[in-house]
């Protein structure tokens with residue numbers, strides 16, 4: 001039997017096997033199909049996403065500048081808001097510019113390295129956003145539930161430490177899952193029916209099934225999503241109990257307004273994330289996946305300044321002050 005097998009393995013077949021193995025291991029690029037449709041529809045998607053992106057940069061950039069220029073806003077709450085707005089600029093920039101280029105491109109290709117770099121920055125920045133939402137919920141809990149101890153607990157050093165922990169830990173979470181996925185053999189086809197490099201389509205393109213890696217990634221995603229979410233939920237449950245005990249109607253209204261803004265952002269961001277990444281067997285149609293991804297990658301960063309900050313009285317007063325100073329200087 002060994003002799004027969006040896007005779008069947010000719011130099012030509014060895015060359016074919018080596019060629020196949022090389023193809024499996026060295027896919028040099030992927031094709032992101034993006035949004036379907038004719039040229040007119042593609043132009044509509046390009047214009048729509050470009051407007052959203054520019055408004056997102058403008059809105060979040062205004063918040064960053066206001067927090068930096070107005071010294072009265074140099075408090076933990078607004079320092080967190082300023083960092084959150086700065087994060088949103090980079091979060092949406094990790095996918096939207098490539099999305100716009102992809103719409104105009106004829107080939108719609110992205111290199112293997114570029115795909116996984118986008119994957120890394122998109123998910124790392126999203127993880128950092130989860131951590132910032134948790135820290136902001138903790139800050140509101142201290143301010144409302146423990147107002148007398150707030151200045152002694154939320155000191156400047158703790159505020160800076162929490163900001164650093166959010167940024168650093170967010171970027172340290174995903175290297176291992178991304179390395180594991182990138183080491184899978186990709187032998188073709190290399191077409192991703194999406195506009196971003198997402199783990200689901202990448203697993204589908206792998207030449208061999210990787211249930212352990214897939215389970216690890218989905219478990220990891222669930223922990224990243226549910227851990228901060230449950231912390232936020234617990235914090236605001238305690239905040240709600242404290243607010244309901246406030247005797248003043250004006251005080252309850254102000255507290256509800258602040259916490260309501262936070263909860264709207266949390267609901268919008270976490271709701272779309274859970275639909276996409278918590279269950280590996282969700283079976284969402286490709287079109288629905290694209291819409292959900294577009295919501296949390298482009299639309300949510302646009303709405304956050306409106307929901308979170310620009311409707312805040314202190315932020316609006318600071319904006320008027322800064323604009324007034326700038327106009328007087330000119």
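Just so you know, glycine gets a Cβ as well, placed from its N, Cα and C.
Heads up, TrEMBL stuff is auto-annotated, nobody curated it.
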Annotated stretch (transmembrane segment, per TrEMBL) among the listed ranges 201-222, 223-244: 223-244
TrEMBL annotation of transmembrane segment - which of the ranges 78-96, 97-115 it falls on: 78-96
Within-chain partners of the transmembrane segment (116-138) [C-beta distance under 8 Å, separation at least 6 from its ends]: 77, 80-81, 83-84, 87-88, 90-91, 94-95, 98, 110, 162-163, 165-167, 169-171, 173-175, 178, 181-182, 196-199, 202, 224-225, 228-229, 231-232, 235-236, 262, 265-266, 269, 273, 296-297
Within-chain partners of the transmembrane segment (158-180) [C-beta distance under 8 Å, separation at least 6 from its ends]: 76, 79-80, 83, 116, 119-120, 123-125, 127-132, 135, 199, 213, 216-217, 220, 224
For the transmembrane segment (78-96), sequence-distant contacts whose Cβ falls under 8 Å of one of its Cβ atoms, 6 or more beyond its ends: 49, 52-53, 56-57, 59-61, 63-64, 66-68, 118, 121-122, 125-126, 128-129, 132-133, 135-136, 139, 159, 162-163, 166-167, 195-196, 297-298, 301-302, 304-305, 308-309, 314-315
